[in-house]
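This report concerns only the one structure given below.
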């Protein structure tokens, strides 16, 4: 009789960071979900910040926003894109959040005068957080951030070590990701870093049950046998995670090696045979699109670190999947647009996207990109700050308010067409205080937005402090700006568009957070469809996209 008690899969990493633990965890979740199991995923981050909301995109990359307003690690985006699990703030815990909870309990006297220590109080809080997020899942996949050996990770590793004894040996497995480097001078793949990484993990008290080795080449059976022997792991539980052209190929690759079957066997989980046809179809459209390619310009501030736009990049890829076309992303530094001009940097692209962001640097370049898209009739999509920059550009270029700006960038502008939300005026703290999470948006019948969504009211995720100033709403509409989406409760502007443009749309929310490869977001599907039409029009006019 196979057990139906909740199973826990703990994923750790060694040797170096950025091995792809998040993608490996998401792939495991996808495979087990395809076998009929209910899965959820949790990310444990060792840093002291309560959440990544106030961290620089250059340090942390994207901040992924959940439905309930959690500002979380970008790996939660992988989890949502690869599985049907809906993430919340309970799916991401940091050292800062854990320690804050422990200290608050101590202040309330919940420890009954005891000396508060890492063991058991901090580790108990970590375990409690894991159980809280587990809910009714058949399988809980817990990714521990950082690298084995990092001092910050020790409380988390101790907590997951204890979990095996708390919930039963048969209900826990440890999956360890390592690196198998190839030394060109020797012509060999070296296993020693993996051996030492496992040794470090065993010193903490964790014996990995599975090894997933990152590599850029095929690993022969003899090498896997060697790794198994030195690391005390069953040969059948040694797998490789090779370099793949698309991250969506990874579940198929791990299934080909039998990882999901082996996990089900070791954990004694009943599961059906996997159905991976839709993954295979996705890969076909990514690798062999039937309709060629389009070139999309992303005009932003963080273009030198594209991880800052991870969900955005993926959502554009999903739009390509929906239209069976390859999407080539052309990242353009908005400050360079200021210096060199939009005509020089954006000529020949099939569509232009201005994403969210913070700070004044490069904003005039974004406004110039909007102007170029509006005047040249190039498909345009503005997200969050991108919508605000579109309103500023329209106010300057169409309304004739040459000094129009956002109060975020010019506190003394005579025409603050974008202003601080009323609820934000008295806010002093930075962390977790923006308008965060899912809010309703009522769509204007007959608008492009209504046509794309096919709904009267939608729910989308937000992360902002500034909004279009309703004092200018009537003037903007009279001049031709269509306000196609509004928050029904506060009457905030949520979506804008231009009726006399092939595709000009802006949204105050972040639709990229809800896009999946199997369910591309309608705004991205429509945007790429418009880019295709622009490409074909350029070709007919003798213009060639680079």
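Any Cβ shown, glycine's included, is placed from N, Cα and C.
Remember, it's a predicted structure, so these values are computed and weren't measured experimentally.
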Among 68, 73, 75, which is the one Swiss-Prot gives for the ATP site where 18, 19, 20, 21, 22, 23 also bind?
75
Among 17, 25, 27, find me the residue Swiss-Prot lists at the same CTP site as 150, 151, 152, 190, 191, 192, 193, 194, 195, 226.
17
Which of 357, 359, 431 shares the L-glutamine site with 385, 386, 387, 388, 408, 465 per Swiss-Prot?
357
Taking the centroid of the Cβ atoms of 18, 19, 20, 21, 22, 23, 75 (ATP site), which other same-chain residues have Cβ within 8 Å of it?
13, 24, 25, 78, 143, 177
Within the region 'Amidoligase domain' (1-269), what mean pLDDT does the predicted structure show?
93
Those binding-site residues listed as 17, 18, 191, and which of them has the most Cβ atoms within 10 Å of its own Cβ:
191
Looking only at C-alpha atoms, tell me how far residue 20 (ATP binding site) is from residue 192 (UTP binding site), rounded to the nearest Å.
20
If you count the other Cβ atoms within 10 Å of each Cβ, which of the recorded positions 190, 192, 226, 510 comes out on top?
510
So of all those binding-site residues, 18, 19, 21, which one's Cα sits nearest to residue 192 (UTP binding site)?
19
